């Protein structure tokens, strides 16, 4: 700030002034689109009520001034009942730690639901901050035979009104230009009433003055909902959508995945041919390409998963799914919005846990947080794909479906059912006399999400996956590579141990079998031996504790040491080198099943533990979740192994 | 449940006759009604939120449809669609308008 220039004159905006603006509005009002259009920054847009739960701040320029724009969580009321609504109110009142009260507000109001939205505007204007109304979906109002006179609306409200079409970017420049002049915005002489009956009278008088004609119901939405929310067809479509969702991820991603895989094989050849230093070539070939590359192969699948989720959300189907599933969720003591949190956990438990902020009840939040890590997140996907490929022949079919896809669907069902049971159990134990907070959910008209908002969502997901690969997975993989290749053995050592030093595969097998990692794996092997895990799998399970995908990287390294050309085949042929089971294959069906079950339950994700800590504010719940899930994983994996042995001789 | 169904049936097609004050939750899909009040026995947070969602005296409500397992129910109120669980819709007292 330029300190002394205000010396007694009018407080004109100085070139370096920073204006703090907050965006307020109900869910589905198009708030996030306006935010994206204003700031050009990345934030997720969607139709699901309450998707903007995390904090989004962007910047833009208005004339000479710099503006920081904060996208507040959507709310229907300034009487908060959920944590995200509380955040919105606290920011408005300047009561949130670490945030300053905004200078001015942009209140986003959807033109087709003015009769409801003006109620919130009345509460917002009562806060006494300079406010500009941003009118969205005015085009849709006209299309649905509604009418509104914007200038009269501004007069009646006593505040500026700017129509904006966020997804087309129309009106955004005008809005941005207006920000600099926030001190000159008109303010209503008397704030509107907040008492519901008086407020209704105020709303009707404003709408009368603005010559408001109500929009006709959205015909297409009504027709589509007649099917999608139909008691029979709606249920059929719901399961069809879920099945298609997972089949698409597998069938569509497979060729892309093969392409990425062949790229890494090519890179591996290049390393073999051109890197002479055995340490460097080992590190590049085994750790980087065999390990991290083995995880990067899953970029297409993860991108596709997030793309489908963003599309379902953007179109408005997710809130329909919540409507359809609410009764089922009620069985376990939760509500429809918890279903959406759990569905997001298919992508990653972290956004799922963060989405619980839309839940009004603290106990519902805890139950959902403890259930979310059981949903099959995208980090489990690579592990399941690898393990299922060891279990089922890719060409095996059952009717029109590939058996691999069906087993995968089964894993997703296992995770979902377990999550539900966990929530039910938690609610039974903790919540016997909870107060009932209202459940309500807006079903917005079906809208085509803008390509931009979908791309932003997918790009964010891909970016954070790549970041994870380049940090935590890379570090763990590199550390493991060292552990797998140390100590060094001289040729004399090898020869005295009876190893053919002319055969690189035999040498690397010997080195791996006598490495520090092997020592560590053998140390913990007794814990996992009842599950059928040998030291290599045990090391993999330990390394997966940092992030689940590392398991694939670890086995990838082990396999690359055996046979770099055909890693999957190498794993299938992996045998116990010594001990009582010497010569037997490691990945027998019972062991693979036990591994699948172990990964379905164990909380092997430090980021999830961290986010539960942050959201609950205590270490108690992350520790409860960790202990309970890891214990459960072991017991159920043991049972699964025993059962498989019984039925598959 | 059974008693309720019988009571509702004599009120006509949509479970409501003109002038009868009934809980919103008892209305059948297709019925239209006007909100009279939110019962005072409702928790303040619930009553307040119902008002902020638009369920205030004098407001027209139309029952759009029920979820497959009969709960929640989708209503059209103040030009938008919102679903409520029957437990909450039971707090809203309405009178029928000619159907």
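Note that Cβ sites are derived from N, Cα and C of the backbone, with glycine treated the same way.
A TrEMBL annotation is a machine prediction, not a hand-curated record.
Now, the feature entries from TrEMBL:
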{"type": "DOMAIN", "residues": "A:18-185", "note": "domain 'FeoB-type G'"}
{"type": "TRANSMEM", "residues": "A:232-254", "note": "transmembrane segment"}
{"type": "TRANSMEM", "residues": "A:336-354", "note": "transmembrane segment"}
{"type": "TRANSMEM", "residues": "A:366-391", "note": "transmembrane segment"}
{"type": "TRANSMEM", "residues": "A:403-426", "note": "transmembrane segment"}
{"type": "TRANSMEM", "residues": "A:592-612", "note": "transmembrane segment"}
{"type": "TRANSMEM", "residues": "A:619-640", "note": "transmembrane segment"}
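Same-chain residues lying 6+ beyond the ends of the transmembrane segment (A:232-254) with a Cβ under 8 Å from its Cβ atoms: 300-301, 304-305, 308, 312, 317, 320-321, 324-325, 401-402, 404-405, 408-409, 412. Using a Cβ-Cβ cut-off under 8 Å and counting only residues 6 or more beyond its ends in the same chain, the transmembrane segment (A:336-354) has close neighbours at 48-50, 53-54, 305-306, 309, 318-319, 321-323, 325-326, 328-329, 364, 367-369, 371-373, 375-379, 412, 416, 419, 423, 439, 441, 461, 605, 607-608, 611-612, 615. The list of residues near the transmembrane segment (A:619-640) in space but at least 6 beyond its ends in sequence, with Cβ under 8 angstroms from a Cβ of it, reads 366, 369-370, 373-374, 530-531, 590, 593-603, 609-610, 612-613. Within the chain, the transmembrane segment (A:403-426) has long-range Cβ neighbours (under 8 A, six or more residues past its boundaries) at 243, 246-247, 250-251, 331-334, 338, 342, 345-346, 366-368, 370-372, 374-376, 380, 384-385, 388-389, 391-394, 396-397, 596-597, 600-601. Predicted-model confidence for the domain 'FeoB-type G' (A:18-185) is 84, expressed as mean pLDDT. Long-range Cβ contacts of the transmembrane segment (A:366-391) within its own chain (Cβ-Cβ under 8 Å, at least 6 residues beyond either end) map to 294-295, 297-298, 301-302, 305-306, 332-334, 338, 341-343, 345-349, 352-353, 356, 359, 404, 407-408, 411-412, 415-416, 418-420, 422-423, 426-427, 430-431, 465, 544, 547-549, 551-552, 555, 568, 571-572, 587, 589, 592-593, 595-596, 599-601, 603, 605, 608, 612, 615-616, 621, 624-625, 628-629.
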